[in-house]
Amino acid sequence: MTEKSWFETIFCCCCHRTPIIRREIKLGCFGIGSAGKTTFLKVLKGEDPRDLLRTNGFSTVKMEYDETFHLTIYDVGGDKGIRGIWSNYYAEVHGIIYVIDYSTDETFTESIEALHSLTSNPHVQKKPIFLLLNNQNNREFDDVEISNETKIQAGQHKIVLFSHFNKYNGYLDNIKSATLTVMARAKKDRNEYQEQFVRFIDSISEHYVELSEGVKTAELALRIRQEEAKEQRRLMQMKVEHDALKADVAGLELRNQPPVQPPIPPDPPSDPKSASVHIEESPPMSLASSTIPSDIIQSTPETGTPRDPVNFCRISQTSTKPVSPESNSVKEEPTIILKDNYFLPPKAPGRQYSRIQRIQNVLNNRVVPK
């Protein structure tokens, strides 16, 4: 068996070394407005916390804890109008950091009320909680009294750790320790809140698998809700575009449609007295009769001869005979057969009268009403 050279021994060990996979721990940092959440996270990371802006909404802070874990902390605003979004983060984190503002009695009471609302949420139960009392004015306090005010029951959470954080004294102004991990900085500075925070992370690492299952389930549900909301917005946009296109098509069809004609009124009802009157179709008018007046008609002859075509021409009106006394009671309607208003030529062969004579005979035989 050949021995390995020193070169192969060194480089083979480096190549076959198992890479360290850092697991992620997600935390949520909550508290009322101006409670000192961002200040605490800056100091925990080893950065200067001065000249900070007020957090509106939320911000994400990332830091390395040790060689095994790295931290992602959601710094959520604490104004009354923003506290409604706190519940959106409870299920998606492994643990809770809650900062209590102990500057005045009013801020302390408000912080305790917000804490009660937070711990009553079912997604917060069975998760580790780190309570940090931010004593900016260095007031005296009793740990037992404050713990009783929180009213957090034993066994309701995995573990509840309590610590306090006094006003920043500027010890990080000239120290560049931001490159250190949280664990290394805690061993170096040995502050009480850092030691309690390390215990808080250790409790999460002990139950990491169980807590991660809940976080993954919440993240999956969040992605499903986001996809559903995205699909709903897409469908709404498609509906708006479809309605707009439909309105454009309707406008074009209305523009190309011919104008609507007004309805034609129906004919008035006919007179029942004239129901017995029969209008016959007139034959084509001849040139010989084109000059006959239009009010002259030809009646059916009763006593005249067929050779006399002008003997029975009458005006189109009712009879002019005097009414007898016997006819006052019963009035008969004469039946008149109307024909076209022109003169027909004689039926006998040959013309016995000229055109002018026929017209003259018609005019002489007209009955003028008295």
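Glycine too: its Cβ is placed from the backbone N, Cα and C atoms.
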Of the residues K26, K158, K239, K246, the one that Swiss-Prot lists under SUMO cross-link: K239
Record feature SUMO cross-link (Swiss-Prot), assigned residue among K273, K331: K331
Region 'RVVP region' according to Swiss-Prot, located in which of 30-33, 178-181, 366-369: 366-369
Integer Å distance between the CA atoms belonging to V76 (GTP binding site) and K239 (SUMO cross-link): 37
Neighbour tally for V76 (GTP binding site), based on other Cβ positions within 10 Å of its Cβ: 20
Sequence-distant neighbours of K37 (GTP binding site) in its chain (C-beta under 8 A, six or more apart): C29, F30, G31, T55, D75, V76, G78, I97, V99
Integer mean pLDDT for the region 'RVVP region' (366-369): 61
